[in-house]
């Protein structure tokens, strides 16, 4: 009777479900949640999952030391600032901020978020009031946020500040978010690669989620090629020491902000790295169901039930319980080995031994033994039910083009903002057309009006510096990140100045963007000023 009630509370049976997220919710409630409750899974690992964890949009966690450009990179991604954001050389972000889509701009504070069943943050309340006072959710009407959400984090403290207490367990909070997000972006600054104690603890908190992790070496345009090579090598060496893994982490190199590049030696490399990083982010909604399935399987495969039941078997009923408890905690590695051999469980399915020992120290050891019915349900989940989800997963992948992140810098694909009527739509995939002549410069018709503005700004030797152009560009009102991309496209010869043709090109690109169209990643041949074209 109890099992029947559990099934009813669990919702529809698997055959009636046609969406992967709904199927995962059903399986979790019916097969995995009862086992987690019975063996106290949340006391040792992560808290139980709720509907919002399955229904929520993909989330990106942005982590890094102070002043590595976390907030600036988020603004670059959204092409606008979010309420409460501050940018400066000093530590400016002192809160965890969930940036989510909303028709009306506003801020919801942490204590309210933990009672909102529509948000996936209800399980953050155990981290205490001090943390909740430093946690908020920002709603923003932004097209990028229609598909994803972003978590901005406080800067990781440097060596000089490592003794400062935050008042809450910062690595534990990072670990909670790492388990619930789809992508983790770890930002490093090309000018400061020291690995502080808190940085090491934070990276260790990310262990087990390496498949979600992307490391970014930011502000790379501020060093020359030789220095960049040394910085890159030093970063790989430092990360290798902390992660303690033979696999080499992929590090993306670039400058993820709207400012024009200071050194253009590696400009092409930075553009390609940005495209690779953003392509992964753009595909997050497409891969969201697979990520949730993967996380559910990881929870199900963890050998927690066998560990708890083994400790239950070895504990005496009455006498010498405290002494036996200490002995069992000390012998936990031996218990792991015994369980592994007895039940043929992979070593990778065991929780970290040192962490488990630490948590057992404060536990009362009132455990429960093995319950075959619950374990049978778990085996059915892993061996049968997951296989039944594959057709649903493939069905959602067939509609993947509709799930790509749209807006902002996510350009370059046919399903992106290059829609019918876009003036760039008729150019080739590499920004080239089949027939380009000197007379076919599409900016020519508007050049006279831009020439008037150009000469009113008093050019020197036929060119305007960035300082002179910036004021006029800012007056056109697009986000500064958009203007930064327009500057890079318009400065065709990369000399840090604009001549009359480049200035007219910048004006044309601004007009196109203000009309709601996307910008190309590379300048199409039709837009290259005649004097900058290479003649054979």
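Note: Cβ is positioned from N, Cα and C throughout, glycine not excepted.
Remember, predicted model here, so these are calculated numbers, not experimental data.
The average pLDDT computed for the domain 'Dynamin-type G' (54-285) is 83. Under the heading domain 'Dynamin-type G', TrEMBL lists 54-285.
Here TrEMBL flags 446-534 as domain 'EH'.
Residues annotated as domain 'EF-hand' in TrEMBL: 478-513. Taking Cβ pairs closer than 8 Å, the domain 'EF-hand' (478-513) reaches residues 75-76, 78-80, 257-261, 264, 267, 409, 423-424, 442-443, 446-447, 449-451, 453-455, 459, 462-466, 469, 519-520, 523, 527-532 in its own chain, all 6 or more past its ends.
Per-class residue totals from DSSP over the domain 'EH' (446-534), listed helix then strand then coil: 53 helix, 6 strand, 30 coil.
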